[in-house]
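A.B. asks: The structure follows.
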Amino acid sequence: DFCSKWPEERRVRANDREYNEKFQYASNCIMTSKYNIITFLPVNLFEQFQEVANTYFLFLLILQLIPQISSLSWFTTIVPLALVLSITAVKDATDDYFRHKSDNQVNNRQSQVLIRGSLQNEKWMNVRVGDIIKLENKQFVAADLLLLSSTEPHGLCYIETAELDGETNMKVRQSVSVTSELGDPNNLASFDGEVVCEPPNNKLDRFCGTLYWRDKKYPLTNQNMLLRGCVLRNTEACYGLVIFAGPDTKLMQNSGRTKFKRTSIDRLMNTLVLWIFGFLVCMGVILAVGNAVWEREVGSRFQSYLPWDPPVDNFLFSAFLSFWSYVIILNTVVPISLYVSVEVIRLGHSYFINWDQKMFCSQCNTAAEARTTTLNEELGQVEYIFSDKTGTLTQNIMSFNKCSINGQPYDNGSTGKSAKGERIDFSPFNPLADPDFCFYDDKLLESVKVGDAHSQEFFRLLSLCHTVMSEEKSEGELVYKAQSPDEGALVTAARNFGFVFRSRTPGTITTTEMGRTVTYSLLAILDFNNIRKRMSVIVRSPEGRIRLYCKGADTVLLERLHHCNQELTAVTSDHLNEYAADGLRTLALAYRDLSEDEWESWSESHSVADKATDCREDRLAAVYEQIEQDMMLLGATAIEDKLQEGVPETIAVLSLANIKIWVLTGDKQETAVNIGYSCKMLTDDMTEVFIIGGHTVQSVRQELRSACSSSYPQVSTKMMQQEWKKGSREAEGKQEGKFALVINGHSLAHALEADMESEFVSTACACKAVICCRVTPLQKAQVVELIKKHKKAVTLAIGDGANDISMIKSAHIGVGISGQEGIQAVLASDYSFSQFRFLQRLLLVHGRWSYLRMCRFLCYFFYKNFAFTMVHFWFGFFCGFSAQTVYDQYFITLYNIVYTSLPVLAMGIFDQDVPDQRSLEYPKLYEPGQLNLLFNKREFFICIAQGIYSSVVLFFVPYAILSDATQSTGVPLADYQTFAVTTATALVIVVSVQIALDTGFWTVFNHVFVWGSLASYFTIMFALNSQILFRIFPNQFHFVGSAQSTLLQPVVWLTIALATAICIVPVLAFRFLKLDLKPQLSDTVRYTQLVRQKRRNVSEGRLGARGGSRRSGYAFAHQEGFGELITSGKNMRLSSLALATFASRHSSSWIDTLRRKKATLTNTPPSTSGECSPAPSCLSGSVPPLSNSSSVLGVSQDTPIEEETIAAPAPNTQPLRVSFTQSPPSAAGAPEAAEPQGSAQAAAAAAALTPAAARPHGEDSPGGWTLSLGTVQVSGVKTLLMMTMQSGFTFCRTFHH
């Protein structure tokens, strides 16, 4: 059925290149780069001129080359345009160079190819479809191969598929039986079989084909294939036939294309440039019409002595040329220097990321790296994070952490040796112990030593019930080859506690028990699968006793126990619940003694089921179920799948910042869910965790609708879909409770179909956490694209393996973890570092700062250029619309390059509103970027309105004053040069004062650039107006002596001062009122910081407690089929490769408090004091923790919050009383009733920010200070409040009560 789905087919004949070349199959050379030497220039220029601004400036350059309409020199445009194009081209070329370098590294790897009967070394790029290649242990698979034979028995080989699906546990592949004996190159050279199979596709778990050889045909499945990207493990060598090569391999089919990424600000700027160009055309039309009217009514009178310049012969043609002249003059509303400055600022932000010592991993000696410079500000706008699991959230290292034996718990200690004493040294007790095994609870070892029957039987089970293979390199040096890291950890634990698994045959298991060698007869293995969730072995001891040992999920094993285990089951269930609550992976252990008759009877039933030709799996499952009953409970194990350092804290902080985190993993459901609990994405207090596991379209749709209706009981599914399609955020506020969604890969395939994707998005986005299991690399990319399409939100993908590349490329921002799975993800990423925990600093500090700086930069840049350019527009009405410029042409050239460029660059590179520690403490500060509040169309219009207002003042105030002013000698000042110098000087001073107001964080560079630029203006102006330059270039410098004579006049300085005051005072007043009446959250945080400098001792917030609901912690990364493989004896010959043993680490603490979702985009009611808390302290240890009652996070961006609110008495309002009272630690610091006259909101907000456990200095009392607000007037109190403005200035108010 599967094969019938493929309309085409591929034919491959072994050892016949001539035959295979007829089909023109792809070579094994891969290419992820975008350019080559020939295509770079045209393709890159084409991409750059897709930017509207670049096309706009090219058009202006062409206009400036026409002398009849150009008032400015052409070099003023071509030089900066060429500079921008060159900088971008060099950056793109550098990025592509590294892609070429990576491609060459892969393409030039060596592989042994069978050519004309002998093995020859060939580069990977020269391997062709139909070649037979030899792979050796630890080598990467060069192409998609059909396994022909191996050095292991029965054509078996072991592979690791981490680069494909992220799983590091070994998988087994087996060759077709007819080719498994062709192990000799001579035999393989004569092999001429032909494979007919499906065409290239991206399905990693499916392959359908047929091998035709010697007039017979043999079916081929995925179990016969070795895919490119896999690594050969525990196998000396194998041979394979190349079926798919290069871009046709499944790895490359799952790798997305390299996309040109642009930020939302870039896209907005393209739109704004079009609007500005339309505005420019409108101004040009107005002035051209004015020119036509003026030339007809007034200009015609001067034709006798002031004729039109050729080829102008009438007023209409004069107006036409005037239009284009004004387009050139007014083009500085969007100067090319804007784009140069943007690139410089982004480059500076990238270096800050690279230089951040707090994102440097000393263990790996790896620093964070910004691999692109174009996406920095978008790091401050992320709403969705898509994360891989293995290697990204986890280390994929299992450690035996806790256990329960016969109701007695043994705890390895959550804080290491401080909890349980020194680490146990097993070597005196057991010379075969693994030296890397780490355990601290010596009570367990003592229990084994004294001969406790339950403890010894517990570890005997662990040493027998598994599918691990053992290799003894030398006497006592054991190496375990485990199919999953879970089993390796359990068998290693048994080894250290005296029950050492030594070796096995198809019918026996040999162990060393307390120093005594014991060989058990292996009667049967009841294999593991995902439905049974357990595995069992039946063994006969040397004494002849037959016993069944079983381990599996507590949910299935506990219900199969004998009824006499009820009391022990209750105690063990409590322990299992505790282990699951700690995020550990749990298994329950049990046994059953069998009589000889019971064994004989069951063995016959098993033999019949095993030989069945139909429904064999179901028959075997029924037989297994029959014997796995009435078992006796031994205990439970708890294994820690080690998370990377700081993962739970990072996820908690990012959740507080209103960032949704989705885990997309190729791992199985149980494992992924368990990790979800470990890293606190899933919590026991969640209302419901939806499991979507349907195999058909109808079942998946029904499960999604059921989940959606549970999330929104008062809203119909259809209405919800309509709201999500509109991109409404209000939908997030209509859910009742906290939910999570877990969906499997086969269900996701249906959910991603066009007619169901909206239902999937609406259900998933209603959930606090989403986990997608068993997904292919392509499905990861499809999920990212789905959110980009429906939510219009900024997405970030983070992973560490080649299976994450397509997801990383699809997201707006791709982050690569430089981990154990190579550097493929890093090479495809935009940013890289070595630990997941660095993500919070990348987003909440660097991302937020970059967004803030870029927005402030753009607002100021548009303001200063409209203030500069619009003066020409007003001057046009007073110069006969002749396209005469107000300023000297050198001032026009230098204004954006020298006079105003460096101050705004300093602000764009160094500015910050709050320190990095506060950004991490208050993740709510991140929200303005997500909502795009700091630079949008509204903010743009406010900026240009302010610029137009300033231009009106800068033109008309000097015009009105100077028109009637005179020098002290009586000479009038109403001349062109005096007016030009006065207006230009006032303009430079006004924009310099404005940048000083806009700068929130002053550095040495800011001071030097702001005041240095102002000084450079006067220096250059006096130089350009000097006699020296005029004598050298009399035709170029027309303003000789103007600066000196103008600036000596007191009336000119009064004019400049008046214009500056009229421009700046309204802005200053508006900001004072806004800060007083409607402060932003960043203003409030800065204020609280000043208050805390006076009261340092703020008690640490306590960690949230977990719920106590019952949940299974079962997760077992095991595969079906290994039991049958062992009992068949096919894999009994051992190889020499050791598996790494696993070190132990203890669970990290976490903050269990998460911010409630924002109900609506606007009008959010302020949260209560207990609703939200500052984020957990920064993982680097540099950020002091805050009290858990400080509720800035729960308050709207526009809500005023003050720690000590002392308001001046307003009309009809009673003054506030501020008092501090000592409260016991159990009492909540709730605010008293607020004022009846309208200040309830202020009181609630003030109480919200109050630390509930701020101890007095030097006092260790458990009590704390809480702030109470009353209505009794405080007399004789004089309070000075210092509050830092967003502009960087400081003001104070004094209140007398």
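The backbone N, Cα and C atoms fix where each Cβ goes, and this holds for glycine too.
Heads up, TrEMBL stuff is auto-annotated, nobody curated it.
Values in this document were obtained by computation on a predicted structure and should not be read as measured data.
Summarising the annotation, TrEMBL assigns active site, 4-aspartylphosphate intermediate to Asp388. As annotated by TrEMBL, ATP binding site applies to Asp388, Lys389, Thr390, Glu487, Phe528, Lys551, Arg585, Thr665, Gly666, Asp667, Arg774, Lys780, Asn803, Asp804. The Mg(2+) binding site annotation in TrEMBL covers Asp388, Thr390, Asp800, Asp804. Residues annotated as compositional bias 'Polar residues' in TrEMBL: 1161-1171, 1211-1223. What TrEMBL lists as compositional bias 'Low complexity' is 1179-1196, 1224-1254. The annotation domain 'P-type ATPase C-terminal' is assigned in TrEMBL to 826-1079. Among the features that TrEMBL reports, region 'Disordered' is placed at 1161-1264. Residues or ranges marked as transmembrane segment by TrEMBL: 56-85, 272-294, 314-340, 857-878, 890-910, 940-961, 976-997, 1009-1030, 1050-1073.
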A.B. asks: Spell out yes or no: are there three or more C-beta pairs under 8 angstroms between the transmembrane segment (890-910) and the transmembrane segment (1009-1030), with each pair 6 or more apart in sequence?
C.D. replies: yes
A.B. asks: Enumerate same-chain residues with a sequence separation of six or more from Arg585 (ATP binding site) and a Cβ-Cβ distance below 8 A; give 'none' if the list is empty.
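C.D. replies: Listed in sequence order, they are Met398, Asp486, Ala638, Ile639, Glu640, Asp641, Thr671, Asn674, Gly1113, Tyr1114, Ala1115, Phe1116.
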A.B. asks: Looking only at Asp388, Lys389, Thr390, Glu487, Phe528, Lys551, Arg585, Thr665, Gly666, Asp667, Arg774, Lys780, Asn803, Asp804, which the record lists for ATP, tell me the maximum pairwise CA distance in angstrom.
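C.D. replies: Binding-site diameter by Cα atoms for ATP: 33 Å.
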A.B. asks: With the transmembrane segment (857-878) as the reference, find which of 314-340, 1009-1030, 1050-1073 contributes the most Cβ pairs under 8 Å.
C.D. replies: 314-340
A.B. asks: Using a Cβ cut-off of under 8 Å, list the residues of the same chain at least 6 residues beyond the transmembrane segment (314-340) that approach it.
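C.D. replies: Residues packing against the transmembrane segment (314-340) from afar: 53-54, 56-57, 60, 63-64, 66, 68-72, 77, 80-81, 83-84, 87, 273, 276-277, 279-281, 283-285, 287-289, 291-292, 295-296, 299-300, 308, 861-862, 865-866, 868-869, 872-873, 876, 881-883, 885, 892, 895-897, 901.
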A.B. asks: Let me spell it out: take the transmembrane segment (1009-1030), skip the flanking residues so only those 6+ beyond its ends count, and list any with a Cβ under 8 Å from a Cβ in it.
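C.D. replies: Cβ under 8 Å, 6 or more out: 888, 890-891, 894, 898-903, 905-906, 981, 984-985, 988-989, 992, 995-996, 999, 1036-1037, 1039-1044.
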A.B. asks: Between the recorded positions Asp388, Thr390, Phe528, Arg774, Asp804, where is the Cβ count within 10 Å the lowest?
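C.D. replies: Looking at the recorded positions Asp388, Thr390, Phe528, Arg774, Asp804, the Cβ with the fewest others within 10 Å is that of Arg774.
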A.B. asks: For Gly666 (ATP binding site) and Asp800 (Mg(2+) binding site), determine the Cα separation and express it in whole Å.
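C.D. replies: Rounded to the nearest whole number, the Cα-Cα distance is 13 Å.
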A.B. asks: Out of Asp388, Thr390, Phe528, Arg774, the recorded positions in the record, which is closest to Asp804 (Mg(2+) binding site) when you go by Cα distance?
C.D. replies: Asp388
A.B. asks: Mind telling me which of the binding-site residues Gly666, Asp800, Asn803 has the densest Cβ neighbourhood, counting other Cβ atoms within 10 Å?
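C.D. replies: Most Cβ neighbours within 10 Å: Asn803.
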A.B. asks: For the domain 'P-type ATPase C-terminal' (826-1079), what's the mean pLDDT in this predicted model?
C.D. replies: 91
A.B. asks: What is the interatomic distance between the Cα atoms of Asn803 (ATP binding site) and Asp388 (active site, 4-aspartylphosphate intermediate), given in whole Å?
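C.D. replies: Between the Cα atoms of Asn803 (ATP binding site) and Asp388 (active site, 4-aspartylphosphate intermediate), the distance comes to 9 Å.
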A.B. asks: Write down the Cα-Cα distance for the residue listed as 'active site, 4-aspartylphosphate intermediate' and Asp800 (Mg(2+) binding site), rounded and given in Å.
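C.D. replies: So the alpha carbons of Asp800 (Mg(2+) binding site) and the residue listed as 'active site, 4-aspartylphosphate intermediate' sit roughly 8 Å from each other.
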A.B. asks: Return only the integer: C-alpha distance in Å from Arg774 (ATP binding site) to Asp388 (active site, 4-aspartylphosphate intermediate).
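C.D. replies: With distance taken Cα to Cα, Asp388 (active site, 4-aspartylphosphate intermediate) is 11 Å from Arg774 (ATP binding site).
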A.B. asks: Between Asp388 (active site, 4-aspartylphosphate intermediate) and Phe528 (ATP binding site), how far is it from one CA atom to the other, in Å?
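C.D. replies: Here the two Cα atoms lie 26 Å apart.
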